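Just below is one structure, and these are the notes that go with it.
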Amino acid sequence: MEVHIGLGGVYKQPPGKMIRGAFENLFLSVREALQGERRSAASLDTSSPISACVHPHPTWNEPSTWTEVRGTPWREPQGAQPDPPPCSPRSQAPQFTLSSCTTELKEILGEQGGMPEEGNSESASKEGYPESISDSAKEICKAVSVSLGLSMEALEHLSAAGEWQRGDCMFAGPPHHTMGAQTCQVAEEDKSDTSFSQYREGAFRRAGQSTYSAGKAPEDGSSLPTEDKEQPCTDMALSEPGSLRSRGMEVMPSLTLYKPTAFMEDASAYPGRDYYSFQMALAPHGRIKVESPIEFAGSAWGGPSRYSEFPGFSHCGPSANWHSLFEEGQATASYTDSSLYSYPRSHVPAGPDGEFSAEAWYPATAMLGRVHMAVPMRPRMTHGWTATLGIRRRLGWTGVESTFYPIDYYFPPQKPCLSCEDEASGCHYEALTCGSCKVFFKRAAEGNQKYLCASRNDCTIDKFRRKNCPSCRLRKCYEAGMTLGARKLKKLGNLKAQEELEGSPGQSEGREMPPNMSIPQLEGYSCQPIFLNVLEAIEPMVVCSGHDNNQPDSFALLLSSLNELGERQLVHVVKWAKALPGFRNLHVNDQMTVIQYSWMGLMIFAMGWRSFKNVNSRMLYFAPDLVFNEYRMHKSRMYSQCVRMRHLSQEFGWLQVTPEEFLCDEGPSALSIIPVEGLKDQKCFDELRMNYIKELDRVISCKRNNPASSSPRFFNLPKLLGSVQPIDVNLVQFTFGLFGKAQMVSVDFPEMMSEIISVQVPKILSGRVKPLYFHSS
């Protein structure tokens, strides 16, 4: 909606060119103020009583007259008035004199020869186009405008218009009152030319002191007689409801350029004044057109394409109440008259009843349509609007920031699958995985299938290569924490037991199995395959040390390679422990403590198994690229420790340990050393350790056909774990001594190994930890 605002009122017709920018409004205001001053002085005739009360009103085509009658309210003109109302002596004096101009305007008029003269004003009035500014002043204004890159074409259309001057705001509409004037009187408007209908405009004139102060109403609420009513200057003078004289101004967001008046500078002059109850006089530009609903979102006025929800507002737009800030006795008026905002647009023809269509008020409705929003939508938060939106919420602006959102607003980013890094579809088998890994794990875990990796158990498992190696994929599923629940295991065990019984009907008919013998065997048979599949899947992969076998063996080279191998294996040990069934039920601090104290024993136990499987316990198989023979054992200066480790590897062969028994022994070996003072959740630790011992017993019972032979084996296998503890303490002591003279012997220690050796090994050597044995002897 377009409203053409000048310093003297609302213009009837639009100018030839839209004025934009703060500098153009500034020069326009100064120029029109000078024109209005000269025009008011030129149009006065002291000999006529009418000329003392009638003043030209600035319009775009035809100047209208402004009249003032003291003590007379607003009235609609009934045509041409033969006799004007009498004017008071105060109103007969010229309303615009040089004293009403500011000091700057006086200096411009005095220096540039712009003072009005009687002869010039009369000739200018007769020609109908008065002289606006002197030639030198014109040249100055034009030169400044050209230097600032502004156009002077818009100023040429206003050469015949006289305007008021506002003192407290640089760009503003007509003033309501000043400190000296407390009331405004508006008289009827006389038009001699009735050949075509034009919209009439009201006027503001200075008057004397009124009975009531500005902005106040009678306390008892009684109405005054028509002759004694006065229009307060707090807001724009309003006409009666339904009249064409009622109008409003749509205040758009503009530059808040405020020029304080002289009375504001002295705060001590008014000690009782409330400086927080006044509205800020924010003036708009000369002509502003805003159609974006974002500017009005959430405010009391609504958007320009919808009506306000507050009563008393016929359309969106704030009240055009201009105030001289912080004036004594000033109050903010509330408008309840719907005709306040029913002013017409001069360039759009009205309907037959004087009403204007929606297209006249909202020219963009045909393209955008009406916006009906009963409930505020959620604003789209951006980096630049965060602080601004917070301020708007504090001010009560909680509406729509933007009605369009990016596509990722409605579809938040998905979390990746912990197994193949695809988009996870939910929590399956106690882990956040995708649907493909869910189906794969169900088939692999319940089907008791044996998968073998064609590589080194280190295949890359992602969205595109997850089907290449099922063995590594299943291992990664177990590492992610996927596990079959207890109910699932029990159900699966019952089904397999039923199939086993149905498979041999003749045997079951021939002889009955004792109940005390059948239940342990069924439970052991049903539960062990699934549990062993989990342990097999999470088994740490074989890691290479990076040792260069082409170089001659030396103490520093062999020990540095062993330390590097320990660093790499430690990473896999941590991953294996976290994937160990039941290990995450421990307290977080207990998990770290167990790993830091048992990492050396786990590596010794695993190295003994690899030596037994790969080289038949003849050598120490630390890694595929690092195998210790007799020569390297002597060269490393740790021959006694190597002999003990080789003896441990030989015990695997003497006992004929199976891979399933080794997997079940590996869990208890991680839970074989704790601090002397105990753990934070010692009860949970003891339950977890006892469960692994029971699982080892079930594996032994399941693999041995003769139950009588299971007891000696169950005694020997845990004893194998007990033989790891002396080797662990001896090797830790050797490592700590080597760490103290590492720089002297040129042996490299990786960062993680250095931290553990310097912090945890002294606790082990000082007796602050205790090993847990399965047997007393």
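Heads up, the Cβ atoms here are built off N, Cα and C, so glycines get one too.
As the structure is a computational prediction, the values presented were derived from the model and not from experiment.
As given in Swiss-Prot:
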REGION    1-416  region 'Modulating'
REGION    53-95  region 'Disordered'
REGION    110-132  region 'Disordered'
REGION    205-241  region 'Disordered'
ZN_FING   417-434  zinc finger
ZN_FING   453-472  zinc finger
DOMAIN    526-757  domain 'NR LBD'
SITE      E755  site 'Interaction with coactivator FXXLF motif'
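Model confidence over the domain 'NR LBD' (526-757) is summarised by a mean pLDDT of 87. Packing against the zinc finger (417-434) from elsewhere in the chain are residues 441-442, 461-463, 466, 473, 476-477, 480-485: each is 6 or more residues past its ends and has a CB under 8 Å from a CB in it. Long-range contacts of the zinc finger (453-472) within the same chain, counting only residues at least 6 positions beyond its ends with a Cβ under 8 Å from a Cβ of the stretch, are 419-422, 436-437, 440, 444, 537, 539, 541-542. Residue counts for the zinc finger (417-434) under DSSP, helix first, then strand, then coil, are 0 helix, 7 strand, 11 coil. Across the zinc finger (453-472), the DSSP tally of helix, strand and coil residues reads 3 helix, 0 strand, 17 coil.
Under the DSSP three-state reduction, E755 (site 'Interaction with coactivator FXXLF motif') is assigned to helix.
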